[in-house]
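Working notes, structure below.
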Amino acid sequence: MGVEDNNTEYSSLHEAGSPNVKNYTKVSFIPLTFLIFYGVSGGPFGVEDTVRAAGPLLALLGFLIFPFIWSIPESLITAELSTMFPENGGYVVWVSTTLGPYWGFQLGWVKWMSGVVDNALYPILFLDYIKSAVPALANGFPRTIVILAIVMALTYLNYRGLTLVGWVATILGIFTLLPFGIMGLIALPKLEPSRWFVVDLENVQWGLYLNTLFWNLNYWDAVSCMAGEVENPGKTLPKAIFYALPLVISGYFFPLLFGTGAVPLHRDLWSDGYFSDIAKIIGGVWLRLWVQGASAVSNMGMFLAEMSGDSFQLLGMAERGMLPDFFAKRSRYGTPLIGILFSASGVVLLSWLSFQEIVAAANFLYCCGMIVEFIAFVKLRIKYPAASRPYRIPLSTVGSILMCLPPTLFILVVMALCTFKVMIVSFLAILFGIILQPCLVYCDKKRWLSFSVNSDLVDLQSSYHPVGEA
C-alpha cells in the first residue's frame, strides 16, 4: 500500500450519486449553464442601483473587481465540493460532513430562507419594468393579482421537470441578452468615454452599492443543491460553472458600459427599470419594448432557477434525515413537489417587502451561510486531503485558506452595513431555525413525523472516516 493508503481510508461518493433519479432525464451541459446563469444573474436587471449609489466609475469597477474577490472563489469552491458530493442538498451535505448534522440543518435553513427571500424579488422586478407601459400595475390590487399569477404559473413549470426548466432557461437567456448586444452596437457612435470616469467619493451610498454588487454576483453555490440531477456531474458541473462565469460578468459590465457612456448622467434616475428608458433613448421605442420583454423573461428565468435550487435542497435534506420524509417525495416528473410548494408559499408571503429590503435581508442571511461553507471547505481540505475530487482547485491547502480570506472580509463588511431592521428580521429567521431543529428531532423521537436516511446514499460518517479515529 502507498503512503496515502496507510494514512486514510476513503470511499468515493461519486459512484452513489443521488437516489431515485434513474427514471428521469438528467440535466446536460447547456441547460445547466443557463440554470447557473439565472441562479446568479439573469442579465443586467437590478444593477442600476450601483450607478445611483456610487456613480459610473465605481459601478463599472465593481463589476470588474468584485468577481475576483467573491464570484471566482465561490464558484471554484462550488465546483470542487459539488463534484466531491454529487447529490442533492449540496452545501448542506458539505457542512454536515465536517461540522455535523445540526450545523448542516442550520445552514440549510438559513440558505433556504435566503433563497426564498431572494426569489420574492423577481415578481417585483418584473412589474417594475412593465409598470411604465401598464401604470395600473404600479401598486394596489392589480399588482397583487399579477404577482400571484406569476408565482402560480412558474411554480407549475418547476413542477413539470428540471430538464424542461433548464431548456426554458436557455431560450430565455438568449432572448434576455440579445437586445443588449444590439443596444451596444447602436450606442457605439454615441459613446463619450469621459462619462465613465465620473466619481464623487463624498456622495457614495456604500451600503446600497455593496449590497447591490453582492446580490448580483453571489449564489454560485445554488447549483450544488441540484448536483444529483446532473448528467456526469464530475465533468459537467465544473464545465458549466466556468462557462457561466464570463457570461454573468459580461452580461453586467457591457450594458453598464454602454448605458453610462451613451446617455448623460442623471444618477437619481438609475433605479430598477431604468435600462428600458436607456434603450428608448439609444434605439427608440422598439428597443425599449424588447428590453422590457427581456426583463420579464429574465425574471421568469431567475425565479425558475432559484425555486429549483431551493426545492431540491429540501429534497436533499429529507434524504439525509434532516426533514420529514414527505419532502423527499417526487412527482411523476421527478420534481420535489412539497419543496416547490413550500418555496412558492414563502415567495408570496415576502412579496410585500421593498426591493432594497429584500436584497439586504437576502444578503445578510446568505453571508451567515457562506461563512459556514468556507469553514467546511477548509476543514475538508485539511482533514480529508486524499478524498476523491473529480475537480480540485489547483491550490494547496494554505492557498485555499488564503483564497477564502478576501470574500470572508467582504462578508463582514456587507453584514456591518445592514440596517438595524434587516439585522433584527434576519436574526429572527436564524432563531426560528435554531428552535425548529430540536422540534423536528422531538417529532422524530415521538414518531409524530417520519424521518429516514435514504439507503442509496453513502454514509458520510463511515465513508470519509480517517483510520484510527473512533
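Glycine too: its Cβ is placed from the backbone N, Cα and C atoms.
As recorded in TrEMBL, the features of this protein are as follows:
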TRANSMEM  29-47  transmembrane segment
TRANSMEM  54-72  transmembrane segment
TRANSMEM  141-159  transmembrane segment
TRANSMEM  165-188  transmembrane segment
TRANSMEM  241-265  transmembrane segment
TRANSMEM  333-352  transmembrane segment
TRANSMEM  358-378  transmembrane segment
TRANSMEM  398-417  transmembrane segment
TRANSMEM  423-443  transmembrane segment
Stretch contact, the transmembrane segment (165-188) with the transmembrane segment (423-443), Cβ-Cβ under 8 Å, 3+ pairs: no
Considering the transmembrane segment (398-417), which listed stretch of 54-72, 241-265, 333-352, 358-378, 423-443 counts the most C-beta pairs under 8 Å: 358-378
Same-chain residues at least 6 beyond the ends of the transmembrane segment (241-265) whose Cβ lies under 8 Å from its Cβ atoms: 33-34, 36-37, 40-41, 43-44, 47, 50-51, 55-56, 59-60, 63-64, 67, 71-72, 75, 78-79, 177, 180, 183-184, 187, 190-193, 195-196, 198, 216-217, 220, 223, 275, 278, 281-282
Stretch with greatest number of CB pairs under 8 Å, the transmembrane segment (29-47) reference, 54-72, 333-352, 423-443 candidates: 54-72
Surrounding residues of the transmembrane segment (333-352) on its own chain - C-beta under 8 Å, 6+ positions past either end: 21, 23-24, 112-113, 115-117, 119-120, 123-124, 147-148, 151-152, 155, 158-162, 164, 229, 303, 307, 310-315, 326-327, 358
